[in-house]
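Over in TrEMBL, the protein carries these features:
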COMPBIAS  A:221-230  compositional bias 'Polar residues'
DOMAIN    A:14-204  domain 'Cytochrome b/b6 N-terminal region profile'
REGION    A:211-230  region 'Disordered'
TRANSMEM  A:43-73  transmembrane segment
TRANSMEM  A:85-103  transmembrane segment
TRANSMEM  A:115-137  transmembrane segment
TRANSMEM  A:173-194  transmembrane segment
Amino acid sequence: MTAPARATTAHTTLTERLRTRIEHTVPQGQALPDRQPAYVRSWVYVFGVLTLSAFLVVLVSGAILAVGGLTWWHTSSVGHFVNSLHLWSVEIFFATMVIHLWGKFWMAAWRGGRGLTWVTGVLLFLASIGTAFTGYLSQTNFDSEWISTQAKDGLNAVGIGAFFNVLNPGQMLLWHVVLLPFVVGLITVWHVVLVRRHGVVPPIDAVAPGETVPGDAPDLSTASQEEARP
Amino acid sequence: MQLATVVMDAGGRFIDWGVLHVSVGNLIVVLVMLVVFALVLVLPFPGEREEQPRGGSR
């Protein structure tokens, strides 16, 4: 059996290489699948996408706050509302993320070649904590003043105070609205791509479609025999 | 100045239990998360039923 001619052709242009890279990022049909293995029909599999949904609300409400500015969110009733929307979407973001973390920990979700998926989740958790921390420092109220003065000694002690000065509200605001959201967004895309590439982790006593041994990475390019709509 | 004093005095309520020092608000959030996690494990997912094979091909 001969391989298709296209597969043996060398990709010479950047466009061809990029197209091939994008096409092979996840197995065919797995970018936005409308069918999942039957065991995915459980609430424990919902909290990853709940975290992602809350993150989108955080981004949108944060963008609106950036448009209005700090005098707006302190003095306007609409500003107060959007400020509260931003706070509570962050609360839901962290609550759902931690429940997602608990669920995946007890499922040993790093099984079956999913170690990098687990690690990117850990990085996301840490980067999100940093983003939330700089958000608390950007409130421009007594709370942010108190938190910054309590944090400065610890951060100076670990040696990062020279370039990460919690007493500088301008720097903290820019870390909060530009640098850290970019990092969180980038790792989120990486995490989701890895989940789509390897598939969601099966329960410990279940066999994923295409698997022969529980916990092994499924071959998602093969047709599933036990799929159901989520 | 009086307003500032009032706001700064509003320190919140905390619970001390050995090395654990947590505000009542944060403790409530943590307890709610534990309850939600327990419900996640026991509540059935909506629409949980045997699916009919489509087109007889599976």
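Glycine residues also receive a Cβ, built from the backbone N, Cα and C atoms like all the rest.
Note that TrEMBL annotation is computational and uncurated.
Sequence-distant contacts of the transmembrane segment (A:43-73) (same chain, at least 6 residues past either end, Cβ-Cβ under 8 Å): 79-80, 82-83, 85-86, 89-90, 92-93, 96-97, 99-100, 103, 107, 140, 177, 181, 184-185, 188, 192, 195, 200, 230. Regional average pLDDT for the domain 'Cytochrome b/b6 N-terminal region profile' (A:14-204) in the model is 93.
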